[in-house]
Every structure is written in structure tokens, then in C-alpha cells.
Amino acid sequence: MSTDTATLIQTAKLAEQAERYEDMAKFMKEVTENSEELTDEQRNLLSVAYKNVVGAKRSAWRVLSSIESKTDAGDKKLPMVKEYREKVEGELRVVCEEVLLLLKEYLIKNAKQAESKVFYQKMKGDYHRYLAEVASDKKDPMKESQDAYECALEISQEMPPTHPIRLGLALNFSVFFYEILSCPEKACELAKKAFDDAIAELDQLSEDSYKDSTLIMQLLRDNLTVSLLLSHDTKIICTIDKPHHACSTMDSTW
């Protein structure tokens with residue numbers, strides 16, 4: 001690791017402690033552009049930085065979108081609310097496109113291990129999903145998101161079912177099915193399979209990943225209230241609760 005890279009990483013960690021996530025993202029973007037392949041630590045720093053930056057903008061967009069939808073058509077404040085919502089939406093798009101460019105130009109093409117490939121394809125799916133959330137025409141970002149998640153899901157079969165990256169992929173892909181495709185049955189099916197597969201191999205879970213894996217399993221479980229009905233097809237019925245957890249690198253709830 002070069003001195004410049006080491007300095008950038010240390011500064012990114014300082015920015016994280018200070019909760020200056022845009023600075024953190026800028027430093028990790030530079031690391032990404034000047035590295036062959038990121039280490040696990042660098043990859044996680046990059047992910048956390050951009051997740052916090054885009055998360056704040058997604059939250060703001062949702063608030064403004066809600067206010068806009070509740071404002072009467074004749075209200076003089078409506079154009080102002082709409083303009084501000086569009087401003088935030090534009091900022092969100094810029095962040096997403098920046099991440100997607102990093103993924104295309106550096107991260108995905110340089111990834112050698114299955115773990116890294118799954119991580120970056122999941123990340124690609126996530127950021128196209130964020131674009132789909134705010135798009136008036138959702139077709140293209142929806143397709144890009146689903147394609148990336150499906151690619152990641154296929155590669156993830158090389159990893160243990162208890163691996164936190166594989167579990168995190170299942171969690172976020174299930175959110176995609178529930179929120180973007182409005183397909184709760186498929187969301188439940190995916191989340192339940194990931195949870196059940198992990199439970200079956202829980203005794204093989206390493207100490208290093210125990211905390212992360214069990215947290216994501218709990219998030220999967222929190223997203224599901226499962227009833228098995230009618231013995232023949234064991235149809236799954238799901239009740240979705242409101243979010244009550246947060247996870248820095250995962251979209252924890254529907």
C-alpha cells in the first residue's frame with residue numbers, strides 16, 4: 001500500500017468518526033481509482049461512506065415527496081416543495097451514478113474472489129434500486145437492478161449460506177422484490193430460504209462473522225411473519241412490519 005493510499009484511508013476513517021460521510025466517500029473514491037483491487041477493509045469503508053451519503057438523500061427525498069403528495073394542487077407552496085424535491089432527487093442521482101461508474105470502471109472488473117464479486121454486484125443492484133425509487137420511468141433501473149442481484153445470487157452459491165455477504169444480498173434482493181416490484185410473495189420466499197439455509201448451517205458459523213451473520217438473519221426474520229397453510233403447497237403468507245432496525249451496509253427492512 002502506498003503512503004498516499006494509507007493516508008487517504010486513515011483520513012477516511014477520521015471522516016467516518018466525525019460523521020463527514022461526503023468527505024469519507026471522496027477519499028475512498030480516490031483510493032478506488034488508484035488501486036488494482038480493494039482490500040476487505042477498503043471495500044467496507046467505501047460502502048459505508050456512500051451508503052450514508054445516499055441514505056441521507058433518500059430519507060430527505062421521501063420526506064419531501066410525502067409533503068408534496070399531501071399539498072393541495074392550488075397551494076402556493078406546491079411549486080417550492082416540488083422544486084426542492086427535484087433538487088434533492090438530482091443530488092441523489094449524481095451519487096448513484098458516481099458509485100455505478102466506480103463499479104463499472106474499477107470494482108467489478110478487478111474483483112477476483114467470489115466474495116468481492118457478490119459484494120459489488122449487490123452494490124450495483126442497490127444503487128440501481130435507489131434510482132428506481134425516484135424514477136418516473138422505472139423500467140431501465142429496475143432491470144439493471146434485478147440483473148445485478150441475480151448475477152450476485154448465482155455467484156453467492158459458492159459461499160456458505162451463513163456468510164454475511166450472501167445473507168446481505170438475500171436481504172436487499174428481497175427488499176427489491178417487495179418495494180420495487182411489489183411482489184411480497186417472492187420477497188418472502190427469498191428471505192425465508194436464505195434464513196432457513198443459514199439456520200441449517202449455523203453450527204459452522206465462524207466466530208469472525210458470527211455477529212454480522214446473526215444480525216442479518218435477525219433482520220430477515222424481522223421482515224417475515226410466516227404461516228404455512230394447507231399441507232400440499234405450503235403457501236407462505238407474510239405480514240410486513242414497519243422498520244425498527246438500522247444496519248450501515250444493508251437495507252434492513254421492507
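Numbers run from 1 along the shown chain.
Yeah, the Cβs are placed from backbone N, Cα and C, and that goes for glycine too.
Those TrEMBL annotations? Automatic predictions, nothing curated.
Annotated domain '14-3-3' per TrEMBL: 5-239, in sequence order.
In sequence order, Leu92, Tyr130, Glu133 are the residues near Arg58 (site 'Interaction with phosphoserine on interacting protein'), counting only same-chain partners six or more apart with C-beta under 8 A. Per TrEMBL, the feature site 'Interaction with phosphoserine on interacting protein' maps to Arg58 (among others).
Positions annotated as site 'Interaction with phosphoserine on interacting protein' by TrEMBL: Arg129 (among others). The number of other CB atoms found within 10 A of the CB of Arg129 (site 'Interaction with phosphoserine on interacting protein'), across every protein chain shown, is 25.
In the three-state DSSP assignment, the secondary structure recorded for Arg129 (site 'Interaction with phosphoserine on interacting protein') is helix. Following the DSSP three-state reduction, the secondary structure of Arg58 (site 'Interaction with phosphoserine on interacting protein') is helix.
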